Amino acid sequence: MFSTQTFFFFPTAPFILFVFTASTIFHLHQRLEKMQPTWELEALEPATMETPSRPQPRPQLKGMWTINAIGRLGNQMGEYATLYALAKMNGRAAFIPPQMHSTLAPIFRITLPVLHDATARSVPWQNYHLNDWMEEQYRHIPGEYVRLTGYPCSWTFYHHLRAEILQEFTLHAHVREEAQNFLRGLRVNGSRPSTYVGVHVRRGDYVHVMPNVWKGVVADRRYLEQALDWFRARYSAPIFVVSSNGMAWCRENINASRGDVVFAGNGNEGSPAKDFALLTQCNHTIMTIGTFGIWAAYLAGGETIYLANYTLPDSPFLKIFKPEAAFLPKWIGIPADLSPLLKH
């Protein structure tokens, strides 16, 4: 009696090829995990400017952080950027109030999620007040559910994350294109300018608040003449794009007879996107005072002239505001004329 035995033959060549391919992919993946892509390093380089140290973000812990949404556009940009930076520094998830989203989202491509009011009301928040400058204690803020308060708007909070902050405050395409189309149409004595300087003149309530409350001044005609002349001496045929919440005053006090000044802003504080976009799309900035001008200069990059020393030494404003924390070290200050305050 013969026994029948059946043999199964596995194809040798395909099997060896499969093992070789799988081994190659596995070891390649292991090597890639140990390498940092060069584009990541390049993207981080701008964020290292002018900051003494780069704090490492902690692993994200449980809980959530938010911040008060108070003030107009410049204030809320400062609040957003501060929340973004401090939450990351402390390893917490960050959420913004709906009011902040309504202010910023129509203009910028922000990414922080919204914490709706119904949810926020059920959270046991711990309020944590911030000064308008970075302090060491803010690196170790206790609490899982923290609501940051105050009016923080200082590069000392977030400049180590400059590349990320610029990404958060990227203009929507239609906002940017409208501003760029306007700028492309400008001419200086018939020629297209090669250098665009945004000029923001803060007037409005500050005209009365600064002298009567803060023992300070707003920018005058002489300051603006000096600032414009600084750029005229440095660049060939620049054009100055003026935005203000006091455009009538600007037309009366800024000399446009050379043909290099354009009064472009609408001064509408309720819809600031157009004015802000125009300023950020310029190469350089002249600002006076206020967070609107500070942020326009920060996003534009380039060279910035600002009004310096615009309060008396005993001003109560200096208890809540540090000029060195508001203006980047590389920006150039022109001292204000305080003589009107000394006449009283």
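The count begins at 1 with the first shown residue.
Just so you know, glycine gets a Cβ as well, placed from its N, Cα and C.
Per Swiss-Prot, topological domain 'Cytoplasmic' is recorded for 1-7.
Marked as transmembrane segment by Swiss-Prot on the basis of sequence analysis: 8-28.
Under the heading topological domain 'Lumenal', Swiss-Prot lists 29-344, citing sequence analysis as support.
Residues annotated as N-linked glycosylation site in Swiss-Prot, with sequence analysis given as evidence: N189 (among others). In sequence order, A237, G259, D260 make up the list of same-chain residues 6 or more apart from N189 (N-linked glycosylation site) whose Cβ falls under 8 Å from its Cβ.
Mapped onto three states, the DSSP output places N255 (N-linked glycosylation site) in coil. Taken from Swiss-Prot, the feature N-linked glycosylation site covers N255 (among others).
The feature N-linked glycosylation site is assigned by Swiss-Prot to N283 (among others). Counting only same-chain residues six or more apart in sequence, the Cβ atoms lying under 8 angstroms from the Cβ of N283 (N-linked glycosylation site) belong to T195, Y196, V197, A300, G302. Under the DSSP three-state reduction, N283 (N-linked glycosylation site) is assigned to coil, being neither helix nor strand.
Swiss-Prot lists N309 (among others) with the feature N-linked glycosylation site. Here the Cβ of N309 (N-linked glycosylation site) has 15 other Cβ atoms within 10 Å, regardless of which shown protein chain they belong to.
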In whole Å, how far does the CA atom of N255 (N-linked glycosylation site) lie from that of N309 (N-linked glycosylation site)? 24
